[in-house]
Amino acid sequence: MAKKRTKFKPKSAKKKLSLKPSKQNKIILGSLLIVLSIALFFSFMSYYFTWQEDQSLLTEFRDRNAEANNLLNKFGAAISHFFMYKGFGLASFVFPLLLAVTGLYLFLGLNSKGLVGKWIWGLIGIIWVSIALGFFAMEQPLLGGLIGYEMNDFLQDYVGKIGVFLILIFVLMVILVRLFNFSPEGIGNFFRNQRQNLKTDFKKKESTTKVLDADTNSIELSTEEEPVLVDTYTHKKDIPSLNPEAGLDVNLPKEEEIDIALKVETVKEEKEEKDIKAEKLVKDFGEFDPKLELGNYKFPIIDLLEPHGASAGITINQEELEENKNRIVSTLKNYKIGIAQIKATIGPTVTLYEIVPEAGIRISKIKNLEDDIALSLAALGIRIIAPIPGKGTIGIEVPNKNASVVSMRSVIASNKFQKAEMELPIAFGKTISNETFVVDLAKMPHMLMAGATGQGKSVGLNAVITSLLYKKHPAEIKFVLVDPKKVELTLYNKIERHFLAKLPDSEDAIITDNTKVINTLNSLCIEMDNRYELLKTAMVRNIKEYNVKFKARKLNPNDGHKFLPYIVLIIDEFADLIMTAGKEVEAPIARLAQLARAIGIHLIIATQRPSVNVITGIIKANFPARIAFRVTSKIDSRTILDTQGADQLIGRGDMLFTQGNDVTRLQCAFVDTPEVAKITEYIGSQRAYPDAHLLPEYVGEDSGTGIDYDIADRDAMFRDAAEVIVNAQQGSASLIQRKLKLGYNRAGRIIDQLEAAGIVGPFEGSKARQVLVPDILALDQLLENETK
Ligand SMILES: Nc1ncnc2c1ncn2[C@@H]1O[C@H](COP(=O)(O)OP(=O)(O)OP(=O)(O)O)[C@@H](O)[C@H]1O
């Protein structure tokens, strides 16, 4: 402890001897300016009353016997004559004011940031007042001063009296608008703010004084109290040893509290400023409208869809109902299962018989008799739900002899779909109780679809796409279509420039080639990373919030922000892909499925073969929404749904949908190929974007140019990348990736080449590399010199 004290003393002594501008010097200079301003003020004041008497003395300044009437004697008379008579007249009073303000800033040690501005505006004000007074009171030389008079004279020679008057009015407006933010509604705010500022300044000053007091106390204490520790750097005592009675604990945190409060206020103001800017933009230009570019786009009309005889309604005759009921009752009786009550709900393809068994009957018993009941009812597709979730009943679904088609037209036209307030509504079809079933793809967020061949998968995918086409504008959604079968999705080629997304270098938007699928999936991963970056900088959690913020003009497009459309990736035959590409597709799909929900990329994967080597554990875990059309085995049903049942469906769009626990039986809406053709024709014939939506470029590991530092072998985008880096003065691969829409690997290679060219510094871990070229001019020179 003793050592510490001895070390501390010489240091402080050194500090006292230092002559560099210190707090003391500032106080001294501040006092001088304040005194000078007071002197000037009194001189000017008394000059107005004494100037005539003192005029003759001006030449006798050195004569000690001559005495002036000015309050500050000859000094006052001379300096006032200089400022008031020869200078700016009454406006000269601003000088002592400016001096006083400067003096106060120095004296109180306030932040002198705004001081220069005050002086500039002060001088402009002086000139304006002096000219204005010269203009209005030409005969009173003391009001406008010689400068005011002469400048008036000069101006009037050129623009005349009216011209000078108009100039004065204009300059006044400029001063009011720029200096006082003059606006009709701003006047009230200005006065309120000024009052608030005064209060805060006053408080701040008070707290500084308090802290100073506290410090003095503590030093006194340290000499008196033996166990007090003194920090050699902060000169503060160790807190535990402070005497509580000295009240120091209370004062010091108080200062911190005030500081924190002030900080919070400034942040708030900044935020408000941003918001005000955005509000102003919205007021001037309206909210950002992503649909504007295709403002005349017409959504497809309902008449493009066929009714498929749906107008006839569900046809099931009473006889069939009675017959089925009697069979169920008698079959169950054979197995000694008594029925208390039976009720039928007629759906489009199946009728649900709801049974309340007699008391004491075990549910599992009925479940075990499923096959026997099916046999006696002689119908395929009996499904027993024991019990029906949420009800105490058992359900037996029996297919109708004449299944009615659920037309896409009927579900699209339904109120439920039309009024759905969902991000990505999909009208799948109708439930067993004939209600339209609408789900939100954005909430799913990814979907797995399986079913044996010819059971309605392609129709199901078309139903999904059609639903979205009927609800979404081309600016809001983009599809990435993968169709290894090469025939199923070709119809959508017509809407390529409206609704499809593709890789920059590919010709067709619909992907049929497996190697391109891998590139596309990786490109989507890049897009996902880019979008996360955008969300991060916008400080929002998901795409919906992001787009709302962007529309409200709170995000600056110059910072890379843009309206983000949803991206729906549809793979028609996944089994084929995974067989040929295996892990290469599984990895990006799993990554997308795990992470893409927040940023608006949704996956729909369909497969004929729902076996475990196609729908692997990792894929299954990330696709909570599953759809099963009819499959051939119970095992397949379990793979896709985790339960049996899909093997007992009747095909032709009969399907089971699950999004977690409950399994819902649906009849998929039917949309035929000619209908899809009509819709795509209708959309395709309208004005489109110049190209399909471009995904970021991805260069595969083996298709790249390889790292080569030879100038001739540089990447084609080297120059562009260099400009991006130099402009942003930030050497990061992700910046190149984002700005130039390049893949990660390619951007990484370009960064290596930039390093070799001496444009960026070496790799520095998590930090961005240093940019060694200050501007574009220097870059031009550097590259030019290279070629010489
Ligand atoms: N929802 C439906 N309503 C009525 N009929 C349907 C429905 N879905 C499919 N069908 C009938 O089943 C046929 C086959 O459907 P789809 O082409 O969708 O089968 P798929 O499962 O895609 O077969 P694949 O795997 O061989 O391509 C259709 O041509 C149609 O006649």
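Placement of Cβ uses the backbone N, Cα and C atoms for every residue, glycine included.
According to TrEMBL:
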- 27-49: transmembrane segment (TRANSMEM)
- 88-108: transmembrane segment (TRANSMEM)
- 120-138: transmembrane segment (TRANSMEM)
- 158-180: transmembrane segment (TRANSMEM)
- 434-638: domain 'FtsK' (DOMAIN)
- GLY451, ALA452, THR453, GLY454, GLN455, GLY456, LYS457, SER458: ATP binding site (BINDING)
* Within 10 Å of the Cβ of LYS457 (ATP binding site), how many other Cβ atoms can you find? Include all protein chains, please. => 24
* Any same-chain residues 6+ apart from GLY454 (ATP binding site) with CB under 8 Å of its CB? Would you list them in sequence order, or say none? => GLY651
* **Site of maximum Cβ density within 10 Å, from binding-site residues GLY451, GLY456** => GLY451
* Please give the sequence-distant neighbours of the transmembrane segment (158-180): residues at least 6 beyond its ends with Cβ less than 8 Å from one of its Cβ atoms. => 121, 124-125, 128, 131-132, 135, 152, 186, 190
* Structure fact -> Not counting GLY451, ALA452, THR453, GLY454, GLN455, GLY456, LYS457, SER458, residues with a CB within 8 A of the CB centroid of the ATP site are GLN608, PHE629, ARG630, GLY651
* For the binding-site residues GLN455, SER458, which one has its C-beta crowded by the most other C-beta atoms within 10 angstroms? -> GLN455
* Which residue among the binding-site residues ALA452, THR453 has the fewest other Cβ atoms within 10 Å of its Cβ, if you could check? => THR453
